[in-house]
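The block underneath contains the structure these notes are about, expressed in structure tokens.
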Amino acid sequence: MTDVRRVFEALNWASSFLKAKGREENAARILLQHELGMSQAGLLASLRDPLDPEQDERFRRNIEQHAAGVPVQHLTGVEEFYGREFEVNKDVLIPRPETEELIEETLQLVQRYFPAGDPSIVDIGTGSGIIAITMKCELPASEVAAVDISESALLTAERNASRHGADIDFKLGDLTEPIRGRKWDIVLSNPPYIGYDEKAELSDTVRDFEPHTALFADDQGLALYSRMARELPALVNKPGIIGFEIGHAQGEAVKSLLKEAYPQAEIYVKKDINKNDRMVFCINA
Ligand code: GLN
């Protein structure tokens, strides 16, 4: 391939190539912006420019990789979450927009139950760190801790925290094990919640590239909610808030796990923007 292509030619080629392979065409624009280090507006302004052959070659390789299933975020190394950019890699779950809704709801609850804006917060299973870091950035007066069982995930989360200047106490360990011995105002978690029997239904991009410890859990994906529901009453203050992200079919099950642990609390399932059950909140006020 010696012909120099213009930016729009490369973009059109990549979009139709990805479409033919059953992938999102939009990935073409994201990968080209990444290659050129341009915003979307910058790319639009450069459509008629000739593409540097080396950049074109790398862009082609990335398009081919994505066509083969590699997540776009593993090729760019980043994903945006709640308006901030986070490093992602094969050791952490790629941030999902649904999790922004967990943040949004929690911030509303903070206004209501912790009007001083400084509740202590812990994020269990922090992965890339998005929940803990976002909460710390939004509520700088809060003390924030984050737990993960994976050392490489924690290293990624630490890099993300320093990228955003967020002072967070990162703890390596299994679920609530490293946060015992004191009480917290808010506990948030987006734990692995996919049942092993659902593996076949996942897209190859997820199943073959995202870390299985971040995706799957026993008991149809409920195992970690049931452990947390049992362990949290000793670790959460009153008033206190627990917020879980859940799978769309898990609302009632997770609600009743929390109900057993907190018979007096207000517990509700909240839908995401696609109208799927996506969060369960427990308010013990
Ligand atoms: N807390 C991280 C997130 O919301 C990681 C979640 C996970 O690995 N299950 O993306």
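Our numbering is plain: 1 for the first residue shown, then up by one each step along the chain.
Note that Cβ sites are derived from N, Cα and C of the backbone, with glycine treated the same way.
Marked as domain 'Release factor glutamine methyltransferase N-terminal' by TrEMBL: 9-77.
With DSSP classes pooled into helix, strand and coil, the tally for the domain 'Methyltransferase small' (118-193) is 25 helix, 19 strand, 32 coil. Sequence annotations record features per position, and here TrEMBL assigns domain 'Methyltransferase small' to 118-193.
Within the same chain, the residues at least 6 positions away from ASN190 (S-adenosyl-L-methionine binding site) whose Cβ sits under 8 Å from its Cβ are LEU93, THR99, LEU102, GLY125, GLY127, ILE131, PHE244, GLU245, listed in sequence order. Taken from TrEMBL, the feature S-adenosyl-L-methionine binding site applies to GLY125, THR126, GLY127, SER128, GLY129, ASP148, ASN190.
Annotated substrate binding site per TrEMBL: ASN190, PRO191, PRO192, TYR193, in sequence order. The C-beta environment of PRO192 (substrate binding site), restricted to residues of the same chain at least 6 apart in sequence and closer than 8 Å, consists of GLY125, THR213, ALA214, LEU215, PHE216, ALA217, GLY221, LEU224.
Each of the binding-site residues GLY125, GLY127, GLY129, PRO191 was scored by the other Cβ atoms within 10 Å of its Cβ; the lowest score goes to PRO191. Sequence-distant contacts of THR126 (S-adenosyl-L-methionine binding site), defined as residues of its own chain at least six apart whose C-beta falls under 8 angstroms from its C-beta, comprise ALA132, ALA146, VAL147, ASP148, ALA153, LEU154, ALA157, PHE170. Filtering GLY125, THR126, GLY127, ASN190, PRO192, TYR193 by Cβ distance to ligand 1 (under 6 A) retains the following binding-site residues: GLY125, THR126, GLY127, ASN190, PRO192. The local packing around TYR193 (substrate binding site), expressed as other Cβ atoms within 10 Å of its Cβ over all shown chains, amounts to 25.
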